[in-house]
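Participant: Residues or ranges marked as active site, proton donor by TrEMBL: His37. Among the features that TrEMBL reports, ATP binding site is placed at 30-37, 147-150, Val180, 188-191. Under the heading (R)-pantoate binding site, TrEMBL lists Gln61, Gln153. According to TrEMBL, the feature beta-alanine binding site maps to Gln61.
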Amino acid sequence: MQTARELEVLRSAVAELRSGGGTIALVPTMGALHEGHLTLVRQAKEAADHVVASIFVNPRQFGEGEDLDAYPRQLARDSELLETEGTSLLWAPPPQEVYPEGYATNISVAVVSEGLCGGDRPGHFDGVATVVCKLFNQVLPDMAFFGEKDWQQLAVIRRMARDLDLSMPSVDTIHGVPIVREADGLAMSSRNAYLSPEQRSNAAALPKAMKDAIAVLAGGGDTQRALGNLRETLKVSGFDSVDYAEVRDADNLKPLSSDNGNARLFVAARIGGTRLIDNMAIR
Ligand SMILES: Nc1ncnc2c1ncn2[C@@H]1O[C@H](COP(=O)(O)OP(=O)(O)OP(=O)(O)O)[C@@H](O)[C@H]1O
Ligand SMILES: CC(C)(CO)[C@@H](O)C(=O)[O-]
Ligand code: BAL
């Protein structure tokens, strides 16, 4: 597996892969890889001839006071994991390669970015859309893979690809991969590493409380009452606060009645300083 840290090197490595005539799948990440990321890589490998993975902790998607500096960086370990999975090329640029002196462009996707994580993290999805558009243009992949853990992020990226008429990849080849969970149900996330053993054990209350709420909602129970109970359960289970617990349309992310077949439950909650997110279909 080749690692590129400069755009020029990336472009010639991608051209080399292309010269064999095969297809390319891109898997964008911020590193500190876990089984969730590796599942994306495996699905990408099944779908394309070559997998290009990126590792870039994108400063533009972190707000003031967020964990940009603390975010785990473990490039050597991540490279080994990617190589073992048969990744062809790793794109791991330093920040100045992505945002050189004078960089001035922002991509902002309205509507799907509003509320949920977009409400709690102002500017976050501008940062995501901007860097993902750049990654797409840098690699020009035939397809790309993202996790459904970050469901709103996936909706933002698809909206951007549709609105900007992107063709490499086109919106139809932006694939979502179901959430990979730990044995106790907690969605895998690089930020789980911030949790103390006690917090980690308490964190399992999040998927459990969501499943309980879904059982009530799918049975026709009152939405506000079910969401209120979910908030209460999280608080008594060791969570410090709940940023949001909402039912929304799975596709356009507009608020939706829980008896609609396309309804999905979205929750973000904090345990110590760590913010965890999850989402599940209501059915
Ligand atoms: N548990 C998971 N299941 C499926 N996909 C995942 C999972 N965790 C992360 N991903 C996906 O991997 C890609 C890279 O995500 P990222 O590097 O931010 O990891 P993360 O674990 O989500 O980290 P964070 O803790 O910052 O949320 C994204 O498309 C994300 O949705
Ligand atoms: C898509 C992404 C790599 C953009 O920085 C990031 O938001 C992530 O890892 O989910
Ligand atoms: N996994 C989404 C990236 C972020 O939280 O910044």
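Keep in mind that glycine also has a Cβ here, set from the backbone N, Cα and C atoms.
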Participant: Do you know offhand how many angstrom separate Gln153 ((R)-pantoate binding site) and Met30 (ATP binding site) by C-alpha?
Facilitator: 14
Participant: When the number of other CB atoms within 10 A of each residue's CB is tallied over all shown chains, which of the binding-site residues Met30, Leu33, Val180 has the maximum?
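Facilitator: When each Cβ's neighbours within 10 Å are tallied, Leu33 leads.
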Participant: Hey, how far is Leu33 (ATP binding site) from Gln61 ((R)-pantoate binding site), Cα to Cα, in Å?
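Facilitator: Per the Cα atoms, Leu33 (ATP binding site) and Gln61 ((R)-pantoate binding site) stand 19 Å apart.
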Participant: Counting only other Cβ atoms and using a 10 Å cut-off, which of the binding-site residues Gln61, Ser190 scores lowest?
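Facilitator: Ranked by other Cβ atoms within 10 Å, the binding-site residues Gln61, Ser190 bottom out at Ser190.
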Participant: Give the distance between the Cα atoms of Gly36 (ATP binding site) and Gln61 ((R)-pantoate binding site), rounded to the nearest whole Å.
Facilitator: 20
Participant: Comparing the recorded positions Gly36, His37, Glu148, Gln153, which residue's C-beta has the most other C-beta atoms within 10 angstroms in this structure?
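Facilitator: Sorting the candidates by Cβ neighbours within 10 Å, the top entry is His37.
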